[in-house]
Amino acid sequence: GGVPPATDLVLGATAGCLACFLTNPLEVVKTRLQLQGELQPPGTYPRPYRGVLRAAVAVCRADGLRGLQKGLAAGLLYQGLMNGVRFYCYSHAEDAGWTEYPGGTVAAGAVAGAVGAVVGSPAYLVKTHLQAQTLSAMAVGHQHNHESISGAFKSIYQQHGVVGLWRGVTGAVPRVAVGSAVQLATFASAKDWVCERQWFRKGSWAAVLAGGMVSGVAVAVTMTPFDVISTRLYNQPVDADGTGKLYRGFLDCILQISSKEGLLGLYKGIGAVYLRLGPHTVLSLFFWDKLRTM
């Protein structure tokens, strides 16, 4: 309502960071689940992480309570960059009247998400590396062994240059574009749907949360395969020239996962994805709306 796009950039970044701080533990759990049994047939590998709750307990045992907030600084940087740019672009689309056309909301959400993903990609790369790191007995996926967020950026830049900081972006763009489009297209309608059935009072916290969880089903189903691919592309080891040792790119990653791990391999960590999406959707959009009002 009358908020300039530049202001939306700041408010969107702030809202995303506030939501990230509360939902980062689920992001850590999701990353571990998605890397577990990488490119191995089901049932042939040890599973130190089993389900969301047991995986969270396993993280705490290996890394302490602080382990649930691994990669938080990189996560905050990513959410600030991605959501700031995403809401900025979406606000421009609203001002231009593009969202009033049929399908305009979905298209604007997808484009805004894609641009945000490109800008925030280096932070997501480092976040994934840091969240995957743990004791050797509990390790899943490649271990990059960074000592800090600044050390991670420095190491990647020294080894592979500026281009190396955007490694894996081909998985991030479709992930955020699909997630953003579905989220922005379904959240409001899902919230109205639960109120029409008189499950909750219109405008109540319960209605907003329920709408977010209903919307989260659609987002989780459509977004999880892209999320798994994105995590694998970001975390894979690379050669001296920056070429991935496991996957040649987005399509190769899909083919390898589906052929070696089965189609369900593309849905690893969906429980954590869903449990994170509902609260994160509600919190980020709630904070954004309240900050706009203020």
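Glycine is treated like the rest: Cβ placed from N, Cα and C.
As recorded in TrEMBL, the features of this protein are as follows:
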- 3-96: repeat 'Solcar' (REPEAT)
- 100-193: repeat 'Solcar' (REPEAT)
- 203-294: repeat 'Solcar' (REPEAT)
- 205-226: transmembrane segment (TRANSMEM)
- 269-288: transmembrane segment (TRANSMEM)
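Here the transmembrane segment (269-288) has long-range neighbours at 11-12, 14-16, 18-20, 22-23, 26-27, 29-31, 33-34, 51-52, 55, 83, 87, 183, 187, 208-209, 211-213, 215-217, 219-221, 223-224, 227-228, meaning same-chain residues at least 6 beyond its ends whose C-beta is under 8 angstroms from one of its own. In terms of DSSP helix, strand and coil, the repeat 'Solcar' (203-294) has 71 helix, 2 strand, 19 coil.
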